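According to TrEMBL, the features are:
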type	residues	note
BINDING	Phe29, Glu98, Phe277, Glu300	substrate binding site
MOD_RES	Ser99	pyruvic acid (Ser)
ACT_SITE	Ser99	active site, schiff-base intermediate with substrate
ACT_SITE	Cys113	active site, proton donor
ACT_SITE	Ser283	active site, proton acceptor
ACT_SITE	His296	active site, proton acceptor
Amino acid sequence: MPPFNKHPATAPDIGISPDQYQDDIFTGFEGPEKLLEIWFSPSPYTRGTELPENPTVRLNQDLRSIPLEVITEMLDIVHCKILNTTSNEYFDSYVLSESSLFVYPHKMVLKTCGTTTLLLAVPKILRIASEYCGYSVPYRAFYSRKSFMFPKAQVYPHTDWTHEVSFLNQYFENGSHYMIGGSNSDQWFLYLTTPNMASGSLMNLNPNGVQQSGLNGVPHHKDTTIEILMTKLDPKTMEKFYIQPDQPEGAIGGRNLEKVSGIDKIYPEAIGDSYMFNPCGFSMNGLQGEHYFTYHVTPEEQCSYASFETNIPMETLTENGTIPLQQALQKLVSQVTDVFNPGKFSVTVFESQPIEEHLKSYHLNIPKVPKYAFSDRILYQFPDYSLRYAHFVRE
């Protein structure tokens with residue numbers, strides 16, 4: 001990620017306003033991201049039967065059809081900019097000045113770090129989804145983040161978890177919130193809603209816009225998100241994440257760093273879109289079919305942090321079914337942590353539970369990782385998702 005930068009923002013009386021910032025509370029860049037995922041239907045080909053507010057918008061128009069200038073306006077509210085864009089037949093990927101945005105036909109995934117005001121973009125996202133695509137209400141939402149390193153630097157509503165929850169409750173129904181983990185410095189926070197069917201009946205559309213059957217449009221595949229959040233990164237290992245005299249920044253520098261760091265070997269068949277910041281920091285989005293992965297790295301020793309996130313099914317790492325899923329997860333976590341050599345890290349595995357009995361979900365346990373010891377292991381079972389959380393410390 002880029003070196004520390006103060007973002008101007010407009011905040012209400014609660015929390016810190018920009019003119020109250022003091023240099024003594026800024027001791028580094030806030031690497032830990034805020035992660036928001038808003039679904040407007042259960043799958044890319046399922047949508048409500050309501051008509052768009054804008055009569056020029058077709059019924060089958062989706063979130064990917066929202067104009068780039070409108071996406072940019074939404075990101076201005078968050079205080080981040082688009083650096084690179086990449087697309088495939090399934091979704092659009094944006095590398096941002098502060099992390100990532102992924103836009104699918106039916107959902108948006110927005111992840112931002114620093115002092116960005118991510119949640120302030122929620123009303124804008126809901127408005128443009130309605131105006132351009134006819135989504136009158138969101139289907140469901142997820143919001144999560146790790147404990148901030150510099151919480152006093154945050155801007156409302158990110159000044160406190162209770163403020164974030166109160167803000168989200170203004171826009172989403174049936175929200176629940178959780179604080180997970182025993183250590184204040186390594187807690188993980190989660191907000192999620194149950195599916196909202198209030199918009200009326202749902203219909204399934206195949207890629208040609210033809211209605212097809214399905215139980216409430218619920219997708220017939222598992223939705224899994226895995227995050228690895230790393231701190232206390234090895235300073236020697238982090239040297240490669242600083243611009244060298246003969247090294248270009250931007251996309252070219254990012255591609256070079258993918259190879260030097262070994263990141264390119266974890267998902268070798270993916271389309272990578274990466275960015276090297278000056279004087280230090282790195283971001284990468286990867287596209288593999290309908291799934292993504294993303295890395296973000298803040299290498300400065302006083303605030304070192306790296307994150308990895310993916311929704312790529314674990315089955316892709318089982319070597320055609322020759323190794324168990326548990327072993328595949330252990331392999332993934334080891335590959336990622338070997339790149340950054342963290343002193344501490346957390347792993348979250350968040351997965352859906354399909355309704356159909358014959359597709360009853362397995363539970364993907366978080367295995368032990370060589371050279372590290374568990375300091376926390378927690379399981380949460382929600383009505384249609386499960387969460388496994390583990391925190392590791394170097395032995």
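Residue positions begin at 1 at the first shown residue.
Using N, Cα and C of the backbone, Cβ positions are placed for all residues, glycine too.
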Open item on the list: For a quick check of packing: other C-beta atoms within 10 Å of the C-beta of Glu300 (substrate binding site), how many?
Closed with: 22
Open item on the list: Please give me the recorded positions out of Phe29, Cys113, Phe277, Ser283, His296, Glu300 that lie within 10 Å of the residue listed as 'pyruvic acid (Ser)', comparing Cα atoms only.
Closed with: Cys113, Ser283, His296
TODO: Specify the secondary structure state of Ser283 (active site, proton acceptor) as given by DSSP, simplified to three classes.
DONE: strand
- [ ] Can you figure out which of Cys113, Ser283, His296 (the active-site residues) comes closest in space to Glu98 (substrate binding site), comparing Cα atoms?
- [x] Cys113
Task: C-alpha spacing of Cys113 (active site, proton donor) relative to Phe29 (substrate binding site), in angstrom - done: 9
Open item on the list: On a simple 10 Å Cβ count over all chains shown, which one of the binding-site residues Phe29, Phe277 is most densely packed?
Closed with: Phe29
Open item on the list: Suppose we draw a 10 Å sphere around the Cβ of Cys113 (active site, proton donor). How many other Cβ atoms does it contain, all chains included?
Closed with: 28
Task: Minimum Cα separation from Ser283 (active site, proton acceptor), reported as the residue among recorded positions Cys113, Phe277, His296, Glu300 that achieves it - done: His296
TODO: Determine, to the nearest whole angstrom, how far the Cα atom of Phe277 (substrate binding site) is from the Cα atom of His296 (active site, proton acceptor).
DONE: 11
Task: Secondary-structure category, per DSSP, in which Glu300 (substrate binding site) falls - done: coil
- [ ] Note down the number of other Cβ atoms within 10 Å of the Cβ of the residue listed as 'pyruvic acid (Ser)', including every protein chain shown.
- [x] 27
